[in-house]
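As written in Swiss-Prot, here are the features:
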type	residues	note
BINDING	126, 129, 149, 155	Zn(2+) binding site
COILED	194-258	coiled coil
COMPBIAS	334-347	compositional bias 'Acidic residues'
DOMAIN	271-329	domain 'COS'
REGION	168-211	region 'Mediates microtubule-binding and homooligomerization'
REGION	328-366	region 'Disordered'
ZN_FING	26-82	zinc finger
ZN_FING	121-163	zinc finger
């Protein structure tokens, strides 16, 4: 069945247009939504400008988007349902745009701007019976047709129904389908919002765990530095004690050497004395001094190996091996000190498990 194609406006008659316009009114400015349109967590829509005005009124100390001051966000209530809307530091610019509503507004404005004669319903005429309007619907062939086609033409054996009846039925089906699609879009939008919140929570939790990880490794480094300082002090004390003893012996031996050298010099000068009487006057005393000097017992020398410092060697291989085994413990609750390390301005770890470092026992680095 062939017929001339006409059309009705996409959005229906003036009554439907008025109903649609009512759905596109912003509850704040009472005008049609102006783009961009943002969707709140409660699924109500606002002009972003209007949402920002309400947000600024509820948060007078919050800095505007162009300010260099960092803000921690704020909150306001939806004017439609009074649901509290919590915003991050981006303010209303962090809200999701409702592209579906924006597209509907564009279509509405396009339809509203059509000339009146273009909006008038055009009748479809049957091509086989040029003077007959399309006024019935063939249920068997699922096409519109005219009465003559049913009486004399190709559809005389088909089951037909009045065109308005099928029109209302299919329009109702399409309307239900649109409602389901819009509801589905709302659910998808809600899921997107939830997943964006999950992304934000993942970033917050990761940032917190990174800070805890850095703090714990800094603690390990501090323990190592403290222990290294203690061992270096012990080594320095031993070094000083040994050096003092050896240097004391060096001074004692030096004093003895100096006295012995002077005595040798005096004895040699005495032996060069040509007069026997004068020599004999000094010889007895010198002989006694030389004998006494040769019998002087000096303090003992350092025992063999006294200079060795091998007892201060440190084996760190086993500790290093333990450190290499440090790993995460998925699902383990954080230590008690974790509660004292809460980061300013960070919230929400619900549903996500913390991971903490597993430091092997016996490493001395807990």
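Every residue gets a Cβ built from N, Cα and C, even glycine.
Averaged across the zinc finger (121-163), pLDDT for the predicted model comes to 80. For the domain 'COS' (271-329), the DSSP-based tally of helix, strand and coil residues reads 32 helix, 3 strand, 24 coil. Among the listed binding-site residues, namely 129, 155, the Cβ with the most fellow Cβ atoms inside 10 Å is that of 155. For the region 'Mediates microtubule-binding and homooligomerization' (168-211), the number of residues in each DSSP class (helix H, G, I; strand E, B; coil) is 44 helix, 0 strand, 0 coil. Residue counts for the zinc finger (121-163) under DSSP, split into helix (H, G, I), strand (E, B) and coil, are 6 helix, 12 strand, 25 coil.
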